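What follows is one structure encoded as structure tokens, with my remarks underneath.
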Amino acid sequence: MHDSRILRDKRRHEGVLDLLYWRDVGTTGLVFTGLVVGLACLFQLSAITILSNLGLGIMAFTLPVCLLYKTMTLVRLSDGSHPFQSYLDEDRTLTDEDTVRIAEQIVLLIATAVTELKRLFFIDSIMDSVKFVVFLYLLTYVGIQANGLTLLMTGVICAFSLPLLYKLQQQRIDKIAKAIKKLVEKGTEIVDLVISLAKPPPAPAPAPSPAPTAKHKQKTK
């Protein structure tokens, strides 16, 4: 059972990579065009309108085809098979194991996000919290210039274009990424040095009291 689950996850992962790297141009083009057109429609229409019209479009195709097959069966031009039987026979139900696994993944993601946000907001690391402040400040400008749909469409376009671009220009992009990584590391070292210099020096430890001498012991006696 565990091996079959790993095999299903591996196939699902490979299917996503096939889409992103355009290994099947027809399928990827269809998925990419559908996502972009659907998101573009959301700029003008509500999600309920789009989903209802999409459902009507599917029914406008499947219902006449089914009625045509029924008519052909009545006049004995068909064997009475259902035109969409292959789709009806597909098993897309989730097993109990899959449901538990998905729920565990969702809970783990939420717990990880909450822990990370708590660490950033309550300054567990000054450097990470400063980066988070800069990120939030930049997001204020992004929110002014674009809305969520624009960002979502940009993300879809980048998801389908950047992997292909990296595959075609891998060596050049790796060189640029290494140079940027070195600059970031140098900047981080400088900031850490400034923070360490700005910290107050630790308080000196109190001097230990001198041990009593032999003469002092005799006087006390």
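For all residues, glycine too, the Cβ spot is worked out from N, Cα and C.
Among the features that TrEMBL reports, domain 'Reticulon' is placed at 16-221.
Feature annotation from TrEMBL assigns transmembrane segment to 21-45 (among others). Non-local neighbours of the transmembrane segment (21-45) in the same chain are 149, 152-153, 156-157, 160, 163-164, 167; each lies 6+ residues outside the stretch with a CB under 8 Å from one of its CB atoms.
Same-chain residues lying 6 or more positions outside the transmembrane segment (51-69) and placing a CB less than 8 Å from one of its CB atoms are 78, 81-84. Positions annotated as transmembrane segment by TrEMBL: 51-69 (among others).
Same-chain neighbours of the transmembrane segment (120-142): 151, 188, 191-192, 195, counting only residues six or more beyond its ends whose CB sits under 8 Å from a CB of the stretch. The transmembrane segment annotation in TrEMBL covers 120-142 (among others).
The transmembrane segment feature in TrEMBL is assigned to 148-166 (among others).
The annotation region 'Disordered' is assigned in TrEMBL to 199-221.
Among the features that TrEMBL reports, compositional bias 'Pro residues' is placed at 199-211.
For the transmembrane segment (148-166), the list of distant contacts is 19-22, 28, 32, 35-36, 39-40, 42-43, 142, 173: same-chain residues at least six beyond its ends, Cβ to Cβ under 8 Å.
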